[in-house]
Amino acid sequence: MTPQAELVVDLDVYRQNLDVLRRLAPGAQQMAVVKANGYGHGMVPMARAARDAGAEWLGVATAEEALALRSAGDSGPVLCWLAAPGAPFAELIDQDIEVTASSAEQLEEILAAAPRRPRVQLKVDTGLSRNGARFGPDWTALVHAAARAQALGRVAVTGVWSHFACADEPGNPATDEQEKVFRSAVDELSAAGVDPGTRHLCNSAGVLTQPSAHLDLVRVGIASYGIAPDAAVPVPGVRPVLTARARLAHVKDVEAGARVSYGYRWQAEHATRLGLVPVGYGEGIHRTASNRAEVGFAGGRLPVRGTICMDQFVVELGDVPAQRGDIVTLFGPGDDGEPSVEDWAVAAGTIGYEIVTRLAGRWARTYRGER
Ligand SMILES: *Cc1c(COP(=O)(O)O)cnc(C)c1O
């Protein structure tokens, strides 16, 4: 029987999406980004499916994520990029995980911890002002530190990379500017006698909007899960990987004037019928979508009524025939008219990334297409 609340992840669709994205960046290697629990889809199953689809690389943010991939048996190229001081660099290097240096100081920390010559990628900040050595004196310092360490045989520099700020806004001149800065940073590294190795700059949006920046590798996250980076950047040919569905825990008729859920933020104008969906913000469903989102049911849509609670929320069935145990679909590929992740993002006042990444709590997870 279908569980009370279920996330269904279609690995065949995920692999097909990776194929579609590969064709959009045909000259580049592919890094499947599986951080944040595979954008809520489950990191390890997505990582395995990505390898089956031919992804040369897996990308994660933290050391813990990278080590979890190794614990799950992945032995291919993995890059991680977000480490506060004290990160387990020795273990990462011991496990053949490539790490990112964002400053001369961080490179020194990596080298000091390394049990043997580490494979390190250098990150340049081309404008986003998050991680990476800012192009200018900070980058120059990192380049020189890397050149010195390389001359002493202490490091293998395997790549240089950066990250776009506005690639999801087609035509935003910031993207060209960042690409230009990146190329200058790569030139500076080469001029210092360091082979830049694998050069990479594009996220999903960049794959679509900035083909000149595909370079040696692209890092695909959101689009591989079948979700557009932004409404302005549709991704032709990909399909949503994830379906979130739940079985109605209760169905009841209410009279005109009935008030619904905490704060009585919705009131029935006419007598109507309500259904109780047994998931809430404990499962990562955004409370800000209260009174705004819809769910799919029987080929149509039902509106969410009132406040979304920790464990549950109410939908209005009206005169749609329904009974306890019937399945409603919060979001999915849309084959039965159900909303998309993007629809929930609009209702919740956020982006699709946050809708899926927040999924947590008491869902059963079902994987289709496991090999
Ligand atoms: C998350 C992330 C990506 C993937 O971005 P999408 O927009 O999901 O494709 C790529 N590179 C880095 C550094 C990231 O942190």
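Note that Cβ sites are derived from N, Cα and C of the backbone, with glycine treated the same way.
Long-range Cβ contacts of Lys35 (active site, proton acceptor) within its own chain (separation 6+, distance under 8 Å): Met43, Gly59, Val60, Ala61, Thr62, Glu65, Gly221. As annotated by TrEMBL, active site, proton acceptor applies to Lys35 (among others).
The active site, proton acceptor annotation in TrEMBL covers Tyr262 (among others). A sphere of 10 angstroms centred on the C-beta of Tyr262 (active site, proton acceptor) encloses 12 other C-beta atoms. Under the three-state DSSP scheme, Tyr262 (active site, proton acceptor) falls in the helix class.
Arg130 (substrate binding site) falls outside any helix or strand according to DSSP and counts as coil. All chains included, 11 other C-beta atoms sit within 10 angstroms of the C-beta of Arg130 (substrate binding site). Feature annotation from TrEMBL assigns substrate binding site to Arg130, Met310.
Mean model confidence for the domain 'Alanine racemase C-terminal' (241-368) is a pLDDT of 98. The domain 'Alanine racemase C-terminal' annotation in TrEMBL covers 241-368.
In the three-state DSSP reading, Lys35 (active site, proton acceptor) counts as helix. The N6-(pyridoxal phosphate)lysine annotation in TrEMBL covers Lys35.
Among the recorded positions Arg130, Tyr262, Met310, not one has its Cβ under 6 Å from an atom of ligand 1. Met310 (substrate binding site) has a Cβ environment of 14 other Cβ atoms inside 10 Å.
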